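Asks: A single structure is presented below for examination.
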């Protein structure tokens, strides 16, 4: 089951949990209200035939999908890619990920610019809105396999912070003010 919490400010190994003392957890409804990040639980034993996933793909027009495996054995330029994934950035399109195997962390900024860490495992699907600053890292198991979904041709272009003048960032900030 997915968990989310506010992170400490430690610069220790990014693959650790980084809980505050005491821990400050946040549930998925509150995460959505504060950030626009959506969470869905998909049947981890048969995710591609999951009714919820099929419905989401149709409603949101996800027309392209692929898989990514992040491990030292499977990902070319592993260390460089992980460094890029963990650099704070945003995208012009929403980022949709369904975890098939393994686990990892998506970190997103809240309205006060604090980090919220989202721990994802098989069956967890998250949708990170366009324009939100975020990053990704593996946990201490160093392995994740995930489906990626796109509308049309896949575009995965990170725009590193600062990117506050980008239209997608301005649109995101507007939604943040009005509420998701």
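For all residues, glycine too, the Cβ spot is worked out from N, Cα and C.
Summarising the annotation, Swiss-Prot assigns Fe(2+) binding site to 89, 91, 95, 134. What Swiss-Prot records for 89, 91, 95, 134 is Ni(2+) binding site.
Burial and contacts for the listed features, if you can.
Replies: In the structure as shown, the Cβ atom of residue 89 (Fe(2+) binding site) sits within 10 Å of 18 other Cβ atoms. Residue 89 (Fe(2+) binding site) carries a strand DSSP state (E or B).
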Asks: So if I draw a 10 Å sphere around the Cβ of residue 95 (Fe(2+) binding site), how many other Cβ atoms end up inside it?
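Replies: Other Cβ atoms within 10 Å of residue 95 (Fe(2+) binding site): 21.
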Asks: In sequence order, which same-chain residues at least six apart have a C-beta under 8 angstroms from residue 134 (Fe(2+) binding site)?
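Replies: Looking at Cβ-Cβ distances below 8 Å from residue 134 (Fe(2+) binding site), excluding near sequence neighbours, one finds 88, 89, 90, 95, 106, 107, 108, 109, 128.
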